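Colleague: Let me begin by handing over the structure; questions about it come next.
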């Protein structure tokens, strides 16, 4: 049973059902002088992932063990991508010393990577829906790895900036990895898998500084880039052995092995200039025209901007306790603890939902229920920020106090990301990559912009008072309240917002028709006439 119900109708007219068998009639004359015609009738089957004999041949039909084996590789892929974004900060001091630039200028390498990453998510995502997940991730990983080499061998900071920009633009990001989840699980069964990918995404942002701290302490700053290349090469090799999961491509492969079989016209991409532009425009269009995508992406984006601003303060705040590079890296580990707490909290929530739906029916929980845990965990972002503000005054307070505060921030950050992408993956199914591409765009773009003002915020607000870190953290706490408040607006007004999301409603109707057909409830035929070599539907 589909999770998102936009209307009470469970079926659609046969003429509107895209998942049909169609009959084509071909006419021709035996000879120019012969007035009699010979009619040849052939049945052309339009394949659907909902057909009982076809579904096992798509990623939906993979065994659970195979699905989770693929997902474990995707877990590594996702960590690798976010690792590249976060580990850079540990190379800043080395570049400052070697190139004679300011710290603020050196941090621009992280800013440009994140902003380019935002556009990379949007540009790669629709191609994974058209040409397949496997080839897109392989190309993305390859180019990301290539751009580590000029950064590591650079003789000036300009080369580093160019390499970072191209590396960010080459990163496909979570939009593609979350699309793979939608390829393998139905919306009502995919929450555990989405949760797993989200854990990898946020963990990658923390593994970067933890590993980078040890690398920067024991080796030259250039090894920050070499370690990205090594990790990326291993990741690409692992991913090479995973199968394609994109449903439309798998249907095309099946159709080639069957006589008189084809795929729906909507699954046939156009490689004209107009077609390419349409593919690239899709995620931006969804961000601008789909209220679900716009609202949840902005929510997640502003939250991520706060988090990256918060991260940038660590070097300043923990310098008060004389933390060295590897100790500073370990200061990020409480965030991982917070992420794990949130991960298991969501898993427990999913288990409770499953029991409830088994007892009261699959449609007993409204779509906005996917956000209910967020109502309780999101406020921890503001609480953690205020706690960190008080703890940022330094000794004689123990350094464990701000670390506990960061754990609370980690719980909230995870919850916001998880709940928003879970809702979008369920709503947009086959186009989950484009939908979550909007989420990734907002998160990375706003986080990249945050890099510019983060350190000045913590050094110049209240300058000379001795409480600069306190005032900056308090500002973040109040901004967190502003970010959290819209969550409750969406939760209690979600039905109205969904009603204005045209693409989500269209996909839900198609999913309902497909599920009904798979259950044997709906059966219809479409007839077409091919005369003189030209076909038309009737």
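Here the Cβ of each residue, glycine as well, is placed from N, Cα and C on the backbone.
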Colleague: State the residue range annotated as transmembrane segment by TrEMBL; the candidates are 44-67, 68-91, 260-283.
Modeller: 68-91
Colleague: May I ask you to indicate which of 14-32, 223-241 is given in TrEMBL as transmembrane segment?
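Modeller: Going through 14-32, 223-241 one by one, TrEMBL gives transmembrane segment for 223-241.
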Colleague: Looking at the candidate ranges 331-351, 499-519, report the one that TrEMBL labels transmembrane segment.
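Modeller: Going through 331-351, 499-519 one by one, TrEMBL flags 331-351 as transmembrane segment.
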Colleague: Quick one: mean pLDDT on the domain 'Major facilitator superfamily (MFS) profile' (70-497)?
Modeller: 88
Colleague: Do at least three C-beta pairs under 8 angstroms join the transmembrane segment (223-241) to the transmembrane segment (134-153), pairs 6 or more apart in sequence?
Modeller: yes
Colleague: So which of 134-153, 292-311, 371-393 is most in touch with the transmembrane segment (470-492), counting Cβ pairs under 8 Å?
Modeller: 371-393
Colleague: Should the transmembrane segment (193-217) and the transmembrane segment (371-393) be scored as in contact, given a threshold of at least 3 Cβ pairs under 8 Å and pairs 6 or more apart?
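Modeller: These two stretches do not touch.
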Colleague: Which of 68-91, 111-127, 134-153, 371-393, 399-420 shares the most C-beta pairs under 8 angstroms with the transmembrane segment (441-458)?
Modeller: 111-127
